[in-house]
Amino acid sequence: MSSLSYIIVIIIIISSALNFVHSRTLTETTSTATLDVTASLQKTQNVFSSSYNPKATPQAFNQQKQKQKQKQTLSSSSSSSSSSSSLTLELHTRTSFLRPTTHSHGDYKSLTIARLERDSARLKSLTTRLHLALTGILQSDLEPLGGRGQEQELDLQGPIISGTSQGSGEYFSRVGIGRPPTPAYMVLDTGSDVNWLQCAPCADCYQQADPIFEPASSASYSPLSCETKQCKSLDVSECRNDTCLYEVAYGDGSYTVGDFVTETLTLGSASVNNVAIGCGHNNEGLFIGAAGLLGLGGGKLSLPSQLNATSFSYCLVDRDSDSASTLEFNSPLPPNAVTAPLRRNPKVDTFYYVGVSGLSVGGESLRIPETAFEVDSGGNGGIIIDSGTAVTRLQTETYNSLRDAFVEGTRGRGLASTKTNGVALFDTCYDLSSKTSVEVPTVAFHFPNGKVLALAAENVLIPVDSTGTFCLAFAPTSSAFSIIGNVQQQRTRVAFDLANSLIGFSSTKC
């Protein structure tokens with residue numbers, strides 16, 4: 001072989017190494033994880049049990065208020081510097097206050113299918129929002145229904161933006177609205193920026209767990225004028241008698257429309273004044289019990305932005321659990337957190353993108369180009385982390401690689417998948433009815449800084465019924481981005497270090 005040919009061969013080898021994660025490279029993670037089948041199935045039965053003991057109750061909110069030792073009042077409207085004060089409030093699963101019954105859901109499988117249907121609607125709303133941003137369609141360019149200037153109409157026809165479509169929010173916080181505070185369940189949503197709740201008088205309101213908020217009962221309720229920076233920050237707004245109207249619409253036709261105001265929010269033991277929030281008088285959709293939504297996205301109107309928070313974190317307990325965890329603002333990253341770069345898409349500021357360099361299954365890295373997880377110059381690609389999406393979605397080619405490696409790994413441990421008998425969006429399922437526990441290949445995310453997040457077995461295989469069917473909790477997508485869903489985040493504290501553009505994962509830190 002000539003010297004030139006030898007050099008060319010070396011260049012090809014190096015180029016291949018830079019563009020692909022080799023399929024036979026062992027990672028530092030353990031190759032298997034243990035799934036406790038018996039415990040997982042017991043949880044599916046406990047959800048329908050009369051002994052299920054939800055923690056999210058009005059009494060719990062009142063007890064939390066009584067325990068506070070010192071009232072802390074913060075203002076979010078005038079300070080341009082970050083607040084160093086820490087805020088903490090409890091976080092609850094949907095089932096902890098909307099307990100499923102055999103009447104509302106015949107069994108756990110029907111409950112699972114309902115969840116997955118909500119999840120599909122959620123995905124549609126997120127991808128549509130990104131599509132509008134990438135195609136340059138400005139939401140403010142769309143006309144209100146019936147044209148501008150109709151002051152008597154609250155019906156604004158806007159585009160579709162991200163949110164808790166069809167009640168897809170699975171995690172809620174108990175928040176006090178107004179002064180004195182009226183407790184209300186609010187959906188936690190990192191895919192939205194606008195905070196809102198249903199308000200009286202209702203032209204059209206869906207059913208919620210608490211009484212509808214009465215603005216007249218709050219001494220801190222204050223409408224925003226059309227010239228305020230908060231009103232001008234809305235994607236869709238309209239003016240009526242110099243007061244600001246807002247609209248947030250969702251991918252399935254659900255929406256909320258009403259007055260854009262400032263209010264006092266009570267978060268745990270602290271009260272925050274002058275928070276811009278939508279007071280919805282016309283609301284449509286199956287939001288399932290929640291009074292409204294807390295937007296935790298990266299936009300100007302999100303709660304973290306209005307608090308001038310340097311960070312926030314949450315820990316998502318198992319969705320079938322009756323226990324609570326916390327949502328925290330301005331708390332430091334846990335010292336042993338696995339960190340990854342927190343990135344943004346210049347085309348849309350709401351979503352939080354994670355710097356991912358690869359995936360591994362069973363200790364072997366998948367042959368996936370790193371560009372599969374990067375945002376390109378047009379704003380496509382990348383992988384976001386989202387509290388409202390349940391199942392992690394991967395680009396089809398990436399998903400196929402992960403699924404095939406997982407199936408091969410389970411086959412080597414005596415487990416045969418039943419791909420032809422999938423459940424809803426899951427195409428790879430297993431009959432574990434005769435097992436008490438099984439070893440499954442470890443699935444791990446790899447980050448550019450060399451850190452590795454290995455998922456617990458319960459975050460990879462989940463029960464879809466109470467009889468022993470477990471499915472791989474990932475799904476393919478043809479949308480412009482991938483999503484790390486909340487099934488993969490459960491039992492992990494996820495911390496967003498906004499000041500240092502880092503995201504941290506701390507397992508079992510609930």
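Every residue gets a Cβ built from N, Cα and C, even glycine.
All TrEMBL annotations are machine predictions without curation.
The active site feature in TrEMBL is assigned to Asp189, Asp386. Taken from TrEMBL, the feature compositional bias 'Polar residues' applies to 49-62. Annotation comment: TrEMBL describes 71-87 as compositional bias 'Low complexity'. Taken from TrEMBL, the feature domain 'Peptidase A1' covers 171-506. The region 'Disordered' annotation in TrEMBL covers 49-87.
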For Asp386 (active site), the nonlocal same-chain Cβ neighbours (under 8 Å, six or more residues apart) come out as Leu126, Thr190, Gly191, Phe351, Tyr352, Ile483, Ile484, Gly485, Asn486
Over the domain 'Peptidase A1' (171-506) the mean pLDDT stands at 93
Cβ density check for Asp189 (active site), other Cβ within 10 Å (all protein chains) comes to 27
